[in-house]
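Taken verbatim from Swiss-Prot:
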- 14-34: transmembrane segment (TRANSMEM)
- 63-83: transmembrane segment (TRANSMEM)
- 104-124: transmembrane segment (TRANSMEM)
- 131-151: transmembrane segment (TRANSMEM)
- 156-176: transmembrane segment (TRANSMEM)
- 191-211: transmembrane segment (TRANSMEM)
- 247-267: transmembrane segment (TRANSMEM)
- 285-305: transmembrane segment (TRANSMEM)
- 343-363: transmembrane segment (TRANSMEM)
- 368-388: transmembrane segment (TRANSMEM)
Amino acid sequence: MTKIYSSIAVKKGLYTLFLLFIYVLGSRITLPFVDLNSKDFLGGSTAYLAFSAALTGGNLRSLSIFSVGLSPWMSAMILWQMFSYSKKLGLSSTAIEIQDRRKMYLTLLIAVIQSLAVSLSLPVQSSYSAILVVLMNTLLLIAGTFFLVWLSDLNASMGIGGSIVILLSSIVLNIPQDVIETFQTVHIPTGIIVLLALLTLVFSYLLAIMYRARYLVPVNKIGLHNRFKRYSYLEIMLNPAGGMPYMYVMSFLSVPAYLFILLGFIFPNHAGLAALSKEFMVGKPLWVYVYISVLFLFSIIFAFVTMNGEEIADRMKKSGEYIYGIYPGEDTSRFINGLVLRFSVIGGLFNVIMAGGPMLFVLFDEKLLRLAMIPGLFMMFGGMIFTIRDEVKALRLNETYKPLI
């Protein structure tokens, strides 16, 4: 028993459970002075925004202080990553502290947009001042977002899984109810349900293969015995981005939806804005095509976030390692980036077929939206499980060795 509680993995796991308790408790604290009986408060985007909020740690269904979730922070990370590729801006050359501060400023800007859009749409109880309630709820939602960011940082440093655990718990708590409600709304024949169950098993098998498949690049390491050279290699995943593209595309595409809601309150009589907002509504052809395109784009971007050729080549050069037949430095960087690009396209096509293809059914019936999102949800869920599993496995590695004496 003493050995179990002295384990680093167990200690970190218990700390993560404590943080999850705080998260679940906070997600049950509702915003004040709001009529909870009104469910369709965000117009036609309610179902999608509630679903996407659940994927990012939010809870629009119960209108809690965590309703917006980690979506502003995740969207800020995407934008920052895109901006950092521009050498003219020089964002990556600044100090880490300055970069973190600017990321938080960007998170604050997006949090203000989303929180204000939600607060203006909330059904306020008639006995209270609408302006004061909107202001107070906006501040509470922004504070809730930054509290979740802080909670994620705590879990990353002292627990297991970082922000992934919060997102995972939000999915487990909220998504099953969305799926059940969809089955109750859309009457699907039993045969189709059985077929979907079989396809789910096949998809899960393919997903496991894509996540565990590796392309091995032989690497020569200084001081390594010839007997072990066949075990020395650089691993590149068949789908380098994993389930991150789906997770971030849901967060990223929710920002325009919130922005259109906010602009609709500011310019209520603007015909052009109303027409554009209607065309970009969830389930419309424009939104579906943008969703599929961004999903493919993010599959490539996050592949390079996961495996950066410049960083790997620089690390190998400093440690005296090299890939057989490739010169160290820029040649190694170009070689690795070429492989990552090739596999990111393969992963992007897999993501588009599995997570983007079902979205085409939404063009025929918008009620199928949440069902069409399930394959992407499986990809995201699988990636999270594998990430946490690998982290726990790494923490327990030292405990597998027995003392010499």
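Note that Cβ sites are derived from N, Cα and C of the backbone, with glycine treated the same way.
From a predicted model like this one, the values you see are computed outputs, not experimental measurements.
Proximity of distant same-chain residues to the transmembrane segment (368-388), defined by a Cβ-Cβ separation under 8 Å and at least 6 residues beyond the stretch ends, is recorded for 47-48, 51, 55, 160-161, 164-165, 167-168, 171, 175, 178-179, 181-183, 186, 200, 203-204, 207-208, 211-212, 242-244, 246-247, 250, 282-283, 351, 354-359, 361-362. With a threshold of 8 Å between CB atoms, the same-chain residues lying at least 6 positions outside the transmembrane segment (285-305) that come near it are 78, 81-82, 239-242, 244-246, 248-249, 252-253, 279, 337, 340-341, 343-345, 347-349, 351-352, 355-356, 359-360, 362-363.
Comparing 14-34, 104-124, 156-176, 191-211, 247-267 for CB pairs under 8 angstroms to the transmembrane segment (343-363), the maximum falls on 191-211.
The highest tally of CB pairs under 8 A with the transmembrane segment (131-151), across 14-34, 63-83, 104-124, 191-211, 247-267, is held by 104-124. Only sequence-distant pairs (6 or more apart) were considered; of these, at least three Cβ pairs between the transmembrane segment (63-83) and the transmembrane segment (247-267) are under 8 A, so the stretches are in contact. Counting Cβ pairs closer than 8 Å and at least 6 residues apart in sequence, the transmembrane segment (247-267) and the transmembrane segment (14-34) reach fewer than three and form no contact.
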